[in-house]
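See structure below.
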Amino acid sequence: MKILIKNGRLIDPKHHLDATQDIYIAAGKIVGIGSGPAGFEPTQTLDATGLLVVPGLVDLSARLREPGFEHKATLESEMLAAVAGGVTSLACPPDTDPVLDEPGLVEMLKHKAKQLHLAHVYPLGAITRQLQGKQLTEMSELTEAGCVGFSQADVAITDTQVLWRAMQYAATFGYTIWLRPEEPYLASGGTAHDGEVASRLGLKGIPAAAETLAIASILTIARETGASVHLCRLSTAEGVAMVRAAKQQGLPVTCDVSINHLHLTEHDIGFFDPNCHLRPPLRGQRDRDALSQGVIDGTIDAICSDHTPVDDDAKLQPFGEAEAGATGLELLLPLVCKWADAQKIPLTQALAAVTSKAAAILAIPAGDLLLHADADLCLLDPHEEWKVQANALQSQGKNTPFLGMHLRGKVRYTLVSGQLVYQAA
Amino acid sequence: MLNPQLTPDGKLRHLLSTEGLPRAILNQILDTAESFVGVAEREVKKVPLLRGKTVCNIFFENSTRTRTTFEIAAKRLSADVINLNVNTSSQSKGETILDTIDNLTAMHADMFVIRHAQSGAAHLIAQHVAPHIHVINAGDGRHAHPTQGLLDVFTIRRYKPDMHNLRVALVGDVLHSRVARSEIHALTTLGVPEVRVIAPKTLLPQHVEKLGVQVYHDMREGLKDVDVIMMLRLQNERMSGALLPSAQEYFKCYGLTPEKLALAKPDAIVMHPGPMNRGVEIDSAVADGKQSVILPQVTYGIAVRMAVMSMLAGNSA
Amino acid sequence: MILPDAEATFEVLLQKLKPLITDNTALVGIHSGGVWLVDRLLPLLGRPVARGSLDISFYRDDFDQRGLRAENKPSQIPFDVQDQHIILVDDVFHTGRTIRAAMNELFDYGRPASISLAVLVDRGGRELPIVPQIAAATIPLPVSQNLQLLQSEDGRFHFELKDSL
């Protein structure tokens, strides 16, 4: 397949590229930017006039629900959602059923994903067997099978001794430990941020201290063991400040934030909208502002979708009983554009958080438009408006707090390894 | 965001919470309840307003007391009543709440009275019912118990008609109390100038002052010159959850005794939503004393619920 | 059209009513006009007569169409209805539905020995087989018009004619 993409505005944050140029693709790679190889005869030409051509997005957290939760979503439906959202590489957490704690399961998942010829899947292996927080998994074997890091998804390790040893073991091999910082006892039974909205609505709150206490523990152990840590889904202003201080001290810590937390606060719960039941919970305006500032000044390395498709039966419940999570692969790119607009920062800077900087955390060669790199890219119409509604989403999960909203920014084409894997209707 | 309790033209469609209830509607409920108190004193305690209508009590959380008062209220309006106790504990993959509601709609129910252990349950149901059906929240988790809040305010209005000059104190477990939240919203909407909450820190929600109340941890300070004392029930579980050490210490610090009652105004009234834990929240001498209006509260509860049901049924027009 | 003087009509009502009053009579006014009439009649009857008032909001036959009115006052029947001769008093008699509702409500208090009806004005347009025993004035009016009794601060009555909505 030889593809010529004509006249698009190429944006590559890593290489400070922002120019209207043609881009040439052959044998799955980028073979020319601006000008093509001699005698290049395209089998397909895409007219990208008025469109942005960006590296395919790298999403640090997308639940694909296979194996085990096929009634919520399938690999196929969610991978289609990914490419419909311009996401060409994604990491998935290990909380499948069975848990991704065996090399065989990881290989099978990678194999199934590869067969679909859609986005690249980078599984995170479990830190402990069955995520139970007691015994370590075979991190070396799992890495060979394809894991890019180790995570506990939403299940905290309560035994600090186990956490310490897990981080020591990972440090032995230079593996990265991914943890969502939440102190389990303070968070127990909580469903919303412990603030004025939860007080008014009578919801059990999760205090900000649940996150900051956990960050303090994790960073202390990281300092002592030398482990590399990636903190997932920051949600508090204090949390951002703690990471900023740790980075200033040279600690090898990175972190991400969910795009939902850059837009929404506890007030968006309104009259108990279960689509706003998220983990971590949506917090106050001060927290949201600090998270935005954290992305802008680089304290927060990447923005992810935290894509979590939930079936209707599990969502249409009273708030506290509704399963937490929001679908979001297809909304990540337009929501990043909207955020950049609101923060008045250049789109290039914002896009880095979902391309090159996210790729750096996974240590994968993705997230840029480089000569000879894999041709993973997405063509976006930045002006086209569309309404977020169930029939507009490819994902099996229709649970998004942005339901009913109009967003600007529609993916027109997505290419993975030089193949056109998505084309808007 | 449109208030789901009201129709687009501002009439009451559901009663889900006293929060967000316009003052005019609140007053209308109280005034209508006044008329129903008179009906209760007659030989024939029925009026024909809801004749031919079916009221469904759907209790996902058990409560014989509350269910009975709603049943009496509905029958006094000549409605037919169906009682449904949904035992959620025996369901793992059972019927969802919304499926239960759909089935009852198909049986031509006109009004649902809902009690549920989760905050927001009544809102969820109200958002999904067919347009002609009205939902009354009989208590959802810690969030709201609007008919209780209304009957408490009705009681206060009966004994202390000048609401603009009152000091009201709520004592006890505000954190877990839907009754407290509903009372606070109703009182502030009606313009009661000073609403106090008296409780240990473990029993108060974060940012409780944002609800428009003054916080006291010392009961003797909090009761000074108060006109109305509203006691809240203390559940036994609070002792096991490390929120409180014991019922004895709670009674010592936060129980209403005749000695503490004397700190309030001499004509202060004492209220309790029931059922009472004698010797924990309240001393028997006070509960049975001449300042207690706890029994009249129960009577007024029926009149207030009749008022709410008839207003809702009349708004189908 | 020229409306009669309300005060003069009231005088006629009083004179027609007096002969009907016995020891077992109770006057029950229907809110609001009927109650105003009863309260002005009572001191002029020359003997003590039991007084009651009815707000028929809970017995109207148009609840499904019009809902509950914003204001309703409690009905007060402080005497035992059993074996009483009750005279219902209302200001303007029109379709008869108000009286039907009032009678239904009275029967929920007990079983009266008899019920009679005294009105200030019968304006015609009856829709039920109910007839006032006493009408101080008979003023046939078209459906498009609405006759109202008003009471000023000093207690004096006057009529007002409005177009029906």
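From the backbone N, Cα and C atoms, a Cβ is placed for every residue, glycine too.
Among the candidates B:Arg42, B:Arg115, B:Arg167, B:Arg238, the residue that TrEMBL names alongside B:Arg65, B:Thr66, B:His145, B:Gln148, B:Gly274, B:Pro275 for the carbamoyl phosphate site is B:Arg115. The DSSP secondary structure for B:Thr66 (carbamoyl phosphate binding site) is helix. Note on the domain 'Aspartate/ornithine carbamoyltransferase Asp/Orn-binding' (B:165-311): mean pLDDT across this stretch is 95.
Annotated pair B:Arg65 (carbamoyl phosphate binding site) and B:Arg233 (L-aspartate binding site), C-alpha to C-alpha distance, rounded: 15 Å. Residues listed for carbamoyl phosphate, B:Arg65, B:Thr66, B:Arg115, B:His145, B:Gln148, B:Gly274, B:Pro275, cover a largest CA to CA span of 17 Å. Reduced to three states, the DSSP call for B:His145 (carbamoyl phosphate binding site) is coil. Of the listed binding-site residues B:Thr66, B:Gln148, the Cβ environment within 10 Å is emptiest of other Cβ atoms at B:Thr66. Chain A lies within reach of B:Arg178, taking the binding-site residues B:His145, B:Gln148, B:Arg178 and requiring a CB-CB distance under 8 A. Between B:Arg178 (L-aspartate binding site) and B:His145 (carbamoyl phosphate binding site), the C-alpha separation comes to 6 Å.
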